[in-house]
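According to TrEMBL, the signal peptide annotation covers 1-26. The domain 'Cupin type-1' annotation in TrEMBL covers 52-196. Summarising the annotation, TrEMBL assigns oxalate binding site to ASN94, HIS99, GLU104. Among the features that TrEMBL reports, Mn(2+) binding site is placed at HIS97, HIS99, GLU104, HIS143.
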Amino acid sequence: MASRTSSLKFFSLLISSLAIVQMAMADPDILTDFIAPNKTVDGNFFTFTGMRVLVGGDEPKTFTVLKATLAEFPALNGQSVSYAVLEFPAGTTNPPHTHPRSAELLFLIEGALEVGFVDTKNNLFTQTLQTGDLFVFPKGLVHYQYNADSQNPALAISAFGSASAGTVSIPTTLFATNIDDNVLALSFKTDVATIQKLTAGLAPKL
């Protein structure tokens, strides 16, 4: 009975997180119940099955994100909401990034995470989350998550107030998009050789 009660409490928290994020309403409002393709739709259109791989699946070896956004789930078009499931093997991180079109409300359902974000005055706000905690990353601000536990994984669900919140990875944006090495070297007060090493480290592994 205690286990079922705990599950219901977690479910209630999750639903509350969705309601809070929906209040942010980052997407334009629509004048119809939903936006459907030019054909007759049924319940399948409003169902997303991409998270089924989490049930009984193997734990990933690297940080993994499973998304239910407009790109993966067209029924979200105009609904101002989306989800992501974040899987953190021991000792892994979700590198610094931003979501330009939405705040993120993270709900930690397993393990522990170190999280943080930087505001526009360069103040760093950090917290160590335990299972059952929620943490909000304000819209557009640089933030990260880190599983510092060297033995145990962590699992989190993030809710967004947009069907397409967008993700801008800071390392990838800076070092994997062909910005001139001299510009980066001057910006980081280092030399071109160091910039090239960082760029090489972010190159896709073949």
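The backbone N, Cα and C atoms fix where each Cβ goes, and this holds for glycine too.
Note that the structure is predicted; figures quoted are calculated from it, not measured.
Note: the Cα of GLU104 (oxalate binding site) and the Cα of HIS143 (Mn(2+) binding site) are spaced 10 Å from each other. Around the Cβ of HIS97 (Mn(2+) binding site), a 10 Å sphere holds 19 further Cβ atoms from the protein chains shown. Cβ atoms within 8 Å of the centroid of the Cβ atoms of ASN94, HIS99, GLU104 (the oxalate site) belong to the same-chain residues ALA84, HIS97, THR98, LEU106, PHE137, HIS143, GLN145, SER158, PHE160, ALA165, THR167, site residues excluded.
Sequence-ordered, the extra residues of this chain that approach the Mn(2+) site, with Cβ no more than 8 Å from the Cβ center of HIS97, HIS99, GLU104, HIS143, are THR98, PHE117, PHE137, LEU141, VAL142, ALA165, THR167. In this structure the alpha carbons, written CA, of HIS143 (Mn(2+) binding site) and ASN94 (oxalate binding site) are 9 Å apart. There are 22 other CB atoms within 10 A of the CB of ASN94 (oxalate binding site), with all protein chains counted. Confidence over the domain 'Cupin type-1' (52-196), given as mean pLDDT on the 0 to 100 scale, stands at 96.
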